[in-house]
């Protein structure tokens, strides 16, 4: 069956009741009775007219205003009525109480829901008891499947229901005649407050929550309404989370039914709980009358409670027997939570230090100290009972305690708790105290008793609360932020925590015996005394009156007070009455709950930005944590607690860093390529510029260039010298040879062996003018040839610029391209230019807005702090006892012989043979485990999900898709498939530990192999499962002589040790800038790898050429350019167009990234673009519609060393060369190359000439 109701059948909605009117509506007089046979048509018409007038008048008066009150007559009538009432009161007083408790009126939300619920919900009953509700929603009737019983409606009860275990619902079609009673439903659930039977329901973060106590078993099936009266969810149960309860609900989305079940949910079906008495079962809330009330039969009532202690309805039975099912008692809500304490009593217990360094049996002995609350509050359990007077009733300012065998009371104002100083007591109830204490190594509790004596007990206890947040403060701040924490909730209402109670032992008291003339007198004093005398025979028994044992001595008798009509706490310092584990249970007040704590925010540090580093000046008011990490592949995490003024220098790279100071939010910064010098200046400025960016590469390049220049000059000089020598050698060896004038000039030959230039040229002019002109043109021709060679060389070298080589290797999306690879970097835009015949080019932009890498987890176990349960020891007087087997974690049991325990009244045993003590202990989960535990997981393949913004044409839409190469999403008619990602990387190891909101890569022991004092010393599948494993090296020790106690040794909690030594979490050291989050465990925004994209874009997404503007004469002029800065370049494009419109803009090289994807074309023919580049001399091709041009710029370095955003361009892999630097290199290389080529040419020519001779 479809569990989504329809909205088709609505004849009416709920009709509000008529408004309440304090006045009485006058009734019309009844018409006289007329016999039908005697009525004439005229009379009938008159009667019909009267009837219509009466109905109209009645309707008008009901909807009209209140009638005016008469002035005299009603007052007299009222006065007479008051007088009559006074007379009646004097005669017979009313049985009502003087101050009856007013019934709480329902609020506006409750009234609204009650009106709607009158029609659409029906009770579900089992054996006459309401167990839940069924709701009419749309065209269906829905009932929770776990609610047992039959709907209290004959038409609905006989329907055939289809059950769904997935949704915990039973569903059937509504009968036709009831469809008008059904409620509408809606899947729209904006965050805010909704209504249900018990008031407001808060909806936030996909969860419905209510104040704890507003819902209870029996509310299953109740609907939750919005303000329009539409059903948004059906309640199934709830999970107690402290101050609030999370509801388990069935609700609807647009297309399907969903069920939300928070952890720890309990079904709210009011199932009938049964208890047993003498093999006869009865409802726990209605105990049998023999016994049924503690005040009438206390001892029998306690035995009945002990027989039912493990039954689910135990607390219903406890409440019923304490209140005796008297409804008048329930109205006293202030004392309701203290009713159970009348069945208990305080006790005296052994205390090793009673404040003066000596042991005693103290009425305020300290049993336990709990410090699980992260806000520093502690909970102390003592032997006295607070908030109860000696009569057993609630009295807030009293403390009742045991003094001997008597119950006494003292003022609560004298109660004090000390560590290194006085503690602030925040709450008290029964055996428990909650207080804020300063750090210390001991704890003492004391009070002034009724005789003004100080009763105290001191124990060794190290109180050093861990800081909440990242600052170790001592005083709650006026201003700060709220962070999650745990605290003890100051409520005395019943909780899920409980303590065991048992029947107290017989208390020996030698003062009950007195010697009188050879006889022993037992003075009962109104108590029941159990006595045992060895003189004579038959001197064993109990008595409630004074008794004399003849011919006996005190040393031969043993007397003890016995009282089994009250419970006392199962203390390890007090023996239990019998070996059987008979016990009762009572709730523990002040439960641990999740809360928020206000923590201070450290003063903002003074920050000085430097070149690729920042200096923070820190002024802590208290120890404050400083952490930082790199956002690259190597995070290099660092943390330090700082308690005084310091300065710290943090290195910053282009990959970015993240630092956090105290409770301030984390700050992310990135370095820019700032430097001194200019990339477009003189050679020394260019060298200084590159030295600031790439010092090692610059030194190597300048050294190599200098060496090349020196070598070139030396080689040229050597070649010229060699050529000169070869030219002059023949003339030097020939006697009388004359060196020609030209050769002499070129080779610097001595003038003595050659004619002058004028004489040589005059001779050639006279003898041969042709040779004259050739001789004159030879040097000129050589110069012209050399210049042409250098020019061609420079033209060939210019295209080999490094910048051009980089740009040539950049992939560009061509026409009909339907695949792409985008970088997995949040905020880094990827753009592709798509050209199709007959269509205007279109720019496709893909930008990753967020990624989530979620591993598949398998929960191995949870671990937390343990508590050691030590039941009261059983002492067998004059005999032996044996250990019993128990299925308890780390259960230990030992029997010690030869013990002679003493209590405050004397020896506990009186016999000639040895006594034995049975000591037991075992381990259980601490009560804090529900709030403070670590979960050990095995992590498997991680699934990546990305949120990507897709822009093309007029479409700009965000979509979420799995990056696996299979998941396809449709955006604006186009289909996109992302993945799989190029790098199969995850920050999570195979084994991880999740603790609160932190994740740790840790190799933990498998289930069942925990070691004492290590992580995993106790293990269980959940915080409530019965499969608890423990290995804590628990060992029992022999009790000290004369003392009742259960000593033991045990390894400290491995979980608490792990908390102190767990190190840095993955949240603070994950590489690639990953942000680790929990619920579910995931890594967000990890900048690693690339995402392949396959797309199918339909033709409808393109613009036809005839519809797009025709752009011609496109030219680009760069006005401002700052490289390595986020869109620090501004380019102005001028063009001509035939009409206005919209054109796609795209850069065809990854040298520059253009911010705009499309621009509006206007008739003025001018647009401005912003671009980002890492090159000092970028040259990139830009297209606007179908027109293209090349933009060339001379960029300057950025001025800001550190910026709070990452770069939006591709970084250069190798050092980039500016155009000016290339020009200087070309000039120097050209000059040196020309000189070297000239030397080579001269040497070759001379060599060739000399070889021909």
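Quick reminder: no glycine exception, Cβ is built from N, Cα and C everywhere.
According to Swiss-Prot:
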ACT_SITE  146  active site, charge relay system
ACT_SITE  168  active site, charge relay system
ACT_SITE  220  active site, charge relay system
DOMAIN    120-268  domain 'Peptidase S3'
LIPID     717  S-stearoyl cysteine
LIPID     727  S-stearoyl cysteine
LIPID     747  S-palmitoyl cysteine
LIPID     748  S-palmitoyl cysteine
LIPID     1248  S-palmitoyl cysteine
REGION    58-110  region 'Disordered'
REGION    90-121  region 'Binding to the viral RNA'
REGION    106-120  region 'Ribosome-binding'
REGION    162-167  region 'Interaction with spike glycoprotein E2'
REGION    190-200  region 'Dimerization of the capsid protein'
REGION    226-230  region 'Dimerization of the capsid protein'
REGION    358-361  region 'Interaction with host Mxra8 receptor'
REGION    516-519  region 'Interaction with host Mxra8 receptor'
REGION    548-554  region 'Interaction with host Mxra8 receptor'
REGION    722-726  region 'Interaction with the capsid protein'
REGION    727-747  region 'Transient transmembrane before p62-6K protein processing'
REGION    899-916  region 'E1 fusion peptide loop'
SITE      194  site 'Involved in dimerization of the capsid protein'
SITE      227  site 'Involved in dimerization of the capsid protein'
- [ ] Give the three-state DSSP assignment (helix, strand or coil) for residue 727 (S-stearoyl cysteine).
- [x] helix
Open item on the list: Between residue 220 (active site, charge relay system) and residue 717 (S-stearoyl cysteine), how many Å separate their Cα atoms?
Closed with: 104
- [ ] Express the distance between the Cα positions of residue 1248 (S-palmitoyl cysteine) and residue 194 (site 'Involved in dimerization of the capsid protein') as a whole number of Å.
- [x] 106
- [ ] For residue 227 (site 'Involved in dimerization of the capsid protein'), write down the residues of its own chain that are at least 6 apart in sequence and whose Cβ falls under 8 Å from its Cβ; none is a fine answer.
- [x] 194, 195
Open item on the list: I need to check the long-range neighbours of the region 'Interaction with host Mxra8 receptor' (358-361): which residues 6 or more away from its ends have a CB within less than 8 Å of a CB in the stretch?
Closed with: 348-352, 903-904
Task: Chain-internal residues near residue 168 (active site, charge relay system), provided their CB is under 8 angstroms and they sit 6+ positions away - done: 144, 145, 146, 236, 250, 259
- [ ] May I ask for the distance between residue 717 (S-stearoyl cysteine) and residue 727 (S-stearoyl cysteine), taken between their Cα atoms and rounded to an integer number of Å?
- [x] 15
TODO: Tally every other Cβ atom lying within 10 Å of the Cβ atom of residue 220 (active site, charge relay system).
DONE: 27
- [ ] Indicate the candidate from 146, 194, 717, 727, 1248 with the smallest number of other Cβ atoms within 10 Å of its Cβ, considering only these recorded positions.
- [x] 1248
TODO: Tell me the residue counts in helix, strand and coil for the region 'Dimerization of the capsid protein' (190-200), as DSSP assigns them.
DONE: 0 helix, 7 strand, 4 coil
Open item on the list: Using DSSP, what is the helix/strand/coil residue split across the region 'Dimerization of the capsid protein' (226-230)?
Closed with: 0 helix, 0 strand, 5 coil
- [ ] Going by DSSP, give the three-state secondary structure for residue 168 (active site, charge relay system).
- [x] coil
Open item on the list: From the DSSP assignment alone, can you count helix, strand and coil residues within the region 'Interaction with host Mxra8 receptor' (548-554)?
Closed with: 1 helix, 2 strand, 4 coil
- [ ] Translate the DSSP assignment of residue 717 (S-stearoyl cysteine) into the three-state scheme.
- [x] helix
